[in-house]
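Asker: For reference, the structure I am asking about is given below.
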Amino acid sequence: MPRRRQRPMAGSGSDGTEDSDSSAEREQTNGSESDGNMPKRQRLTRASTRLSQSSQDTPDLKRAADHDESPPLTPTGNAPSSESELDISSPNASHDESQSKDQASRDCDKDLSHRPKRRRCHETYNFNMKCPTPGCNSLGHLTGKHERHFAISGCPLYHNLSADECKVKAISREKQEEDAKVPEENNTRHATRHQTPTPKQSRYKEQVAEMRKGRNSGLQKEQKEKHMEHRQTYSNTREPLLENITSDYDLELFRKAQARASEDLEKLRIQGQITEGSNMIKTIVFGRYELDTWYHSPYPEEYARLGRLYVCEFCLKYMKSQTILRRHMAKCVWKHPPGDEVYRKGSISVFEVDGKKNKIYCQNLCLLAKLFLDHKTLYYDVEPFLFYVMTEADNTGCHLVGYFSKEKNSFLNYNVSCILTMPQYMRQGFGKMLIDFSYLLSKVEEKVGSPERPLSDLGLISYRSYWKEVLLRYMYNFQGKEISIKEISQETAVNPVDIVSTLQSLQMLKYWKGKHLVLKRQDLIDEWKAKEIKRGNSNKTIDPSSLKWTPPKGT
């Protein structure tokens, strides 16, 4: 059995790109050996068919490819996942033949090393994906320029069209664009700002006005029945029928805008900025930060399909692109959350927002919070809740730091329903500030509070750290001999159950002679005091004197 040598792939790179001729070698290998070894169900792309035809003119390349035993890479750079992507080559050649093939492959590599790298034309398609529209085979594209689609935005069937109709419309649009081109010297902003319309432009304006005059004032009875039948049959899985609703000219303008938007989305998908087949937003642009999301949030479907979401950091409206966000920020008048400012010290402020009065803002806040919380279930029913939003102010406005929500009427005395610190402000003491502020409100209400369960992992860590700090501070300042859990609860507004669980975790609770005794562990107190001294006068504490708030009526 002759020993086979394995040569490196010519032109391969770490980014998954490769030489077109090197790709041709592997395609030719698959084409030449598929008759004897490959299954009949193997799928052939147009590129592989074309390369197999051209292989008749390149026998040297084919012989070099036959000897290459390294498996081809998939477009993602991983091992092939289907039989159609495997190179099942097992040549039985003599030693002389293998030497001649080695020499041919080295000569071929030398020629190919100077050629530019290009991606194969079918690398951008993932044949495991499927359009979500029921009954669609993912063939065709709304723009008429692509062979396949994977999203509703490019689905001809969803837009009540066929793939051939989309291609015809694309040819018609290209012809109209060529006819509408003007000379380059007259296509500048300054040249056309003050000049009078040309005769051609005047005639076109008159034609548009005439076409719009002929539009129907309303749908006829038969047309209404047809539209209703279509709506009942397909519901939200198809676009509503748009014919006879407006003029043909306006409808064609709308179709052009749809095709252009679909083409832009296709470019973003190829660049990897849009996730295919996943309704999870990967990143959000929030102010000057770009944040990676942790969990799924039920944003509307047309936004959830995007890999990146753009959110205004003041009004929390969500948008699809950087351009829309930039235009929104130019006219957005919000610089702080709605509602009443109930606390301010330095640059830190807290706003009380009523879910009934500012419903849209609170819903957007909940959708944003769900991207970073696992157990959150409140999204749209925000009217029974109050939201306390903490911000940090600078010369551009009040930036969202975190928030917690609270029921207006809680029968179990929950002082927090949901709490979140934005990822860019984590591990800076803002979480404890939010928790401390919630207990400060409970003290003003003269109630004992506790957070609603279940807590998230980070929320549980923050609360345990806060309860530990409160108890050790109380022990440090306590000068009496007998201590009562009820007295601790009344003074700190912490629920007795939370106090007991914290004492048990600190091993400060002991059962002796039928009674529970609280042990004063001086080592823990000294450790806490040393951290307090090292921390110094931090501004990450809540000052009760800066609170300007009275309990809302009915709570």
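The backbone N, Cα and C atoms fix where each Cβ goes, glycine too.
Residues or ranges marked as region 'Disordered' in TrEMBL: 1-115, 174-234. The compositional bias 'Polar residues' annotation in TrEMBL covers 45-58, 75-93. The compositional bias 'Basic and acidic residues' annotation in TrEMBL covers 59-70, 94-114, 174-188, 203-213, 221-232. TrEMBL lists 276-551 with the feature domain 'MYST-type HAT'. Annotated active site, proton donor/acceptor per TrEMBL: GLU452, in sequence order.
What's the neighbourhood like for each of these?
Answerer: Cβ atoms under 8 Å from those of the compositional bias 'Basic and acidic residues' (203-213) belong to residues 197, 247-250 of the same chain, restricted to positions at least 6 beyond its ends.
Residues in the compositional bias 'Basic and acidic residues' (221-232) partition by DSSP class (helix H, G, I; strand E, B; coil) as 12 helix, 0 strand, 0 coil.
There are 17 other CB atoms within 10 A of the CB of GLU452 (active site, proton donor/acceptor), with all protein chains counted.
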